[in-house]
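Shown next, in structure tokens, is the structure this report addresses.
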Amino acid sequence: MEVNGGGAAGLPEAWSQVRAPVIVPLLRLAVAVCLTMSVLLFLERMYMAVVISGVKILRRRPDRRYRCDPIPDDDPELGTSAFPVVLIQIPMFNEREVYQLSIGAVCGLSWPSDRLVVQVLDDSTDPVIKEMVRIECERWAHKGVNITYQIRENRKGYKAGALKEGMKHGYVRECEYVAIFDADFQPDPDFLRRTIPFLVHNSDIALVQARWRFVNADECLMTRMQEMSLDYHFTVEQEVSSSVCAFFGFNGTAGVWRVSAVNEAGGWKDRTTVEDMDLAIRASLKGWKFVYLGDVQVKSELPSTFKAFRFQQHRWSCGPANLFRKMLMEIVRNKKVTIWKKIHVIYNFFLIRKIIAHIVTFAFYCLIIPATIFVPEVRIPKWGCVYIPTIITLLNSVGTPRSFHLLFFWILFENVMSLHRTKATLIGLLEAGRANEWVVTEKLGNALKMKSSSKSSAKKSFMRVWDRLNVTELGVAAFLFSCGWYDLAFGKDHFFIYLFFQGAAFFIVGIGYVGTIVPQS
């Protein structure tokens, strides 16, 4: 009894002995580092806000900066020879719900049929789905579309491997440009007529990237949150990068490449899970320019289940960090681009947007600030924990004005997702076990509507409690709630208001009540 009592009594004493010489200095250092990263992120956001304002005021649209005359189609002497031969690649993997949408949209493009080659690169492992896709390709081939259905013996290199394999065919040598669409993307008929002229009339342009438009943005609150983040990416980040230095990350789909630029850059590589970004950086280091067309929009689908969204965010966060690790010295040693472009790629593109933005969000707002509740000697200035994040949040709202009223929920959800993004970023930087893990984002198409309309399926829609739980989120929620109660009882800064709301957000995600729930078949 004396031992137990002594041990219990010794805990506060041990804490007080460790607190002053160890905990306080370490926490102050962590606060200083996080404040520095917050300032860097704030300056980056302000820089983009100023530039995008200038772009809009000065009307620096792509059609004003580059020649983009329409390709003539009324010359009887030239006929269709005025149109370059374009290759369309549609990579897919077990895309039962959406394969018809992308194939149908691509086959409906307004382009001479003898100047268009469509490749369906099917890596599906389900033989039933493979047969369905093959039949769909045959159906369009019978209508006169030059479409080929191609499979591989293995999935080596995943999407990059499929695209690389598709470029090896002899007929590709006749193609000047290649457009890529993921299986859930549906380009409008005039897509090529609005993008190809930029490549035809400007020999230094390698890539034309279109904007994504989300057909299921109103599916649930989670898809609205995604729309807000991605709209900011397209309307601000891509627009600014295109206008300032003609460089940005290829989004992997809804874009058109000059084939010669792809070949000069070394083609598709599967060394990371962001083969699109990899190719874009290598092409940029060769001196090629990119153009972003915000007024050309391609319909696509957002992941509406939390599991699919989480896997997607892991790939999108881990891949860039891993690519940064592998390409840093290659960028530094490059002789073809200016020092300012190198700084933009290393600092703005990689360090701030792909690494610091993820890490500071989780470390500062979900760990460090709550931890200071227990160590009142460590103070955080209001400009660091209130003003800067508020301004950054407001700046993010410009991409989706219709969702301005959801900003409060958006920032809470972004903080929750920063847990996974930070973890993925560190895995990529350290090139740990899951650094090259590729999980195809689940697309539901109309499946959810069809299943939910069935009463028999509705009875099976309830998942087992254990399958819904996200233990890590529940752990963070417990930590935040503990900090909140302690602050409510002993604190003076009213941090408990934020801590309770943020803890509730982690708890809701932790018990699986976010996104849509797909009824079991």
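Note that Cβ sites are derived from N, Cα and C of the backbone, with glycine treated the same way.
Taken residue by residue with DSSP, Asp123 (active site) is part of neither helix nor strand, so it is coil. Proximity of Asp123 (active site) to non-local residues of its own chain (separation of 6 or more, Cβ distance below 8 Å) is seen for Pro91, Met92, Phe93, Ile151, Arg152, Arg155, Tyr158, Ala162, given in sequence order. Taken from Swiss-Prot, the feature active site covers Asp123 (among others), and the record attributes it to sequence analysis.
Taken residue by residue with DSSP, Asp276 (active site) is part of a helix. Around the Cβ of Asp276 (active site), a 10 Å sphere holds 23 further Cβ atoms from the protein chains shown. Under the heading active site, Swiss-Prot lists Asp276 (among others), citing sequence analysis as support.
The number of other CB atoms found within 10 A of the CB of Asp184 (substrate binding site), across every protein chain shown, is 24. According to DSSP, Asp184 (substrate binding site) sits in a coil region rather than a helix or strand. The substrate binding site annotation in Swiss-Prot covers Asp182, Asp184 and is backed by sequence analysis.
Tertiary neighbourhood of the transmembrane segment (22-42): same-chain residues 352, 356-357, 359-360, 363-364, 368, 371-372, 375, 377-378, 380-381, 384, 388-389, 391-392, selected by CB-CB distance under 8 Å and a gap of 6+ residues from either end. Residues or ranges marked as transmembrane segment by Swiss-Prot on the basis of sequence analysis: 22-42 (among others).
Residues or ranges marked as transmembrane segment in Swiss-Prot: 355-375 (among others).
What Swiss-Prot records for 391-411 (among others) is transmembrane segment.
Under the heading transmembrane segment, Swiss-Prot lists 471-491 (among others), citing sequence analysis as support.
Marked as transmembrane segment by Swiss-Prot: 495-515 (among others).
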Q: State the non-local partners of the transmembrane segment (495-515) in its own chain: residues 6+ outside its ends, Cβ under 8 Å from one of its Cβ atoms.
A: 220-223, 303-306, 309, 365-366, 369-370, 373, 412-413, 415-416, 463, 467-474, 476-481, 483-485, 487-488
**Q.** Residues near Asp182 (substrate binding site) in space but at least six apart in sequence (CB under 8 A)
**A.** Ile90, Pro91, Met92, Ser102, Gly252, Thr253, Ser300
Q. Any idea what the Cα distance is from Asp184 (substrate binding site) over to Asp276 (active site), rounded to a whole Å?
A. 17
Q) the transmembrane segment (355-375): which same-chain residues, six or more beyond its ends, come within Cβ distance under 8 Å? A) 19, 23-24, 27, 30-31, 34-35, 37-38, 40-41, 317, 320-321, 324, 385, 389, 414-415, 418-419, 421-422, 424-426, 429, 476, 479-480, 483, 486-487, 491, 495, 499, 502
